[in-house]
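TrEMBL lists 9-88 with the feature domain 'Inhibitor I9'. According to TrEMBL, the feature domain 'Peptidase S8/S53' maps to 123-601. Annotation comment: TrEMBL describes ASP132, HIS205, SER543 as active site, charge relay system. Summarising the annotation, TrEMBL assigns domain 'Subtilisin-like protease fibronectin type-III' to 647-743.
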Amino acid sequence: MSHFCNPCVYVAYLGEHSGNRNPEEIEDQHHSYLRSVKGSQEEAKASHIYSYKNVINGFSALLTPEEASKLSEMDGVISVFRSEARELRPQTTRSWDFTYLLEANGDPSRVSGDALLKRANYGKDVIVGVFDSGIWPESQSFSDAGMGPIPSSWKGKCEAGVAFTSSNCNRKLIGARYYAKEYEAIYGPVNSQVDYRSARDKDGHGTHTASTVGGRRVANISSIGGFANGTVTGGAPLVRLAAYKVCWKLPNETSKDACYDASIIKAFDDAIQDGVQVISVSIGGDRGYPYASDGIAIGSLHASKNNIVVACSAGNNGRNGSSTVTNVAPWLITVGASSIDRMFPSTIVLGNGLNIQGQTITPFSQMRNQPLVYAGDVEVPGTTSSSTRGFCLNGTLSRSLVRGKVVICRFGGVDQSAEVGRAGGVAAVLGKPPIDIFQVAPLLLPGLTITYADVNNAISYTRTSRNPTVTLNPGTTVVNVSPAPFMAVFTSLGPNGIEPNILKPDITAPGLNILAAWSEASPPTSSPYDNRIVKYNIVSGTSMSCPHVSAVAALIKAIHPDWSSAAIRSAIMTTARTTNNVGNPITDARGNVANPFHYGSGHFQPSKAADPGLVYNATYNDYLLFLCYARSRLVSNCPNVVPSPSNLNYPSLAIANLNRPITVRRSVTNVGAANSTYQVKIEQPLGYSVNIFPSTLRFSQIGEIKSFNITVQATNTAQRNVFTFGSFTWSDGVHLVRSPIAVSSS
């Protein structure tokens, strides 16, 4: 999401700090760089926005493209890139219950969620940083009742601002910071009608993600109208939370927030110094970005060096096809989104007896025998064209023809329901593609969504009946729906557009219709016509799935505090499942069998992730070698020979453009039983031969490392430029350590 600017905000990345310089000396150095391109100390200081002074070395400033180019050529400058705005795009009572039930293959007697939480002490004293739109601290989800003192390892602060004081933090929400300088350099001072100049959340997105990670258990919570009622909880309810507000509502844009690279890097620099152990980043883009110009990639690289787990959303651009996945750096966890086993069915019965099922979380009582019209037949003349007829666009419906009637809109959501209400309609029946029908939002008047095919049937009825009528039956909450999960239609897809030899996304988790805490300054939908206030809200997106994985990372951190961030990622990935709650392969939203470009390793299984048997470890130096191969500006002093990206000790295997047999190496560390023997089973990708040697690994102690080679070659049935998928799984009879394979040939 770019905007026109000249000058624009640029980030100058200088690597990491060395020596013991104080903050003033660091900022003086940054000003000297700016003075060299600006010409005077006054201009340098006026253009300066942030200095990164803790772990990350760099700064951001207002520069022209020419000044940025000049700066990039100076000694000590690794990269200079424009600070892009990433968007927040939102697209829980049940998601955790479903996750643990799925892991138990549907057998309630085998559900192990409580055992995992007790083993992890509910994540107690693990500190999770949430980079987002801020937080609503008064939510019951952030109560600190019964929580002990703040961990002594915490070095952060609770930053005061508009409608936010230090007393808004507590033993649950232990820290809060906000980053407004870059936003204000572009748009001027924060308008209090648009957003709070503080860590307080005006959007709802940040409150939702924070409570999904670590919200307390709160009973009898539901969305508007009582839907999804139950006990809402975060995945790790006793973690400590720190909110880093890097996303701001844009002026004159009710539904968009911008999260800028320069602010994100500053938040990483602070969070690392503050002592966080897990960082949850529900911020994405429309694609992957080169590492040297990606604020999340740069910040998370430094976090990985400090053994901090970083989980990020994969993005919500799956409708646009392949290579839409974002946040693709191999040192972070990239999370796709899938459904849970809960739906909200509602029905309409046409006057001719035809029963049509849809979905709704809009509260209403039964409405019997209401007059029914099609929007395309009740429009103000001249307000639509052949391509927009029947869409219930703003200002198109005739009050005299709509008043007191139920209106069928060929396509729609909250804004279309508002138009029906404006024209005096009593309810709306809204069309959606079948792949979108299960993604719900509370409408502004009674109504439901149905498929396009059913819309056409209803329209035909209105045109063949002299007095068409309809009965609307209220929605209900239904759980234990199957098949579940299926991949959400919006979840962004692989292959990795930056480095296809690293498989992304890594994992999937619940992201469809997730109930969690919400800002009381934000309506439950992004519609400009929505003035409702809620404390909890149902929304969808990879933004919602990401904090589920962050929570599991925190639980594993609590159980295994000595594990590296790579080991925790490996544990989550290698224990995932690729089947749904009826034992069949997970599908996409269209019902087709999904693959690793949808879900990476599969759907996460938290209890199994705490006991993975083996882990694939990787170090900061491994990531630097990876960057050497990529010839990234983030690294220098590379060896003459560097391993291919496929050789990174990653828990999955991707090989793109194979043109000859290739052998890659992997190493696993034993974290299960001291004396154990693992044997490998290979699921061959169609058109390829995969061999692993040795095929048996024998361990005699915990922490022991064993290596093996994987040789991949094409057969005469391989299709060129088409990825096919397989897997290899190590098992000792107790643990299944599974890695997906994606391979294509050129």
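A Cβ is built for glycine as well, from the same backbone N, Cα and C atoms used for every other residue.
Source: prediction; values computed, not measured.
Summarised by DSSP class, the composition of the domain 'Inhibitor I9' (9-88) is 31 helix, 29 strand, 20 coil.
The average pLDDT for the domain 'Inhibitor I9' (9-88) in the predicted structure is 94. Sequence-distant contacts of ASP132 (active site, charge relay system), defined by Cβ-Cβ distance under 8 angstroms and a gap of at least six in the same chain, are LEU88, ASP201, HIS205, GLY206, THR209, ALA210, ALA243, TYR244, LYS245, VAL246, CYS247, SER280, SER282, ILE283. Secondary structure of the domain 'Subtilisin-like protease fibronectin type-III' (647-743), assigned with DSSP and counted as helix (H, G, I), strand (E, B) and coil, comes to 1 helix, 60 strand, 36 coil. Using a 10 Å Cβ-Cβ cutoff, SER543 (active site, charge relay system) registers 31 neighbours. Using a 10 Å radius centred on the Cβ of HIS205 (active site, charge relay system) and all shown protein chains, the other Cβ atoms total 28.
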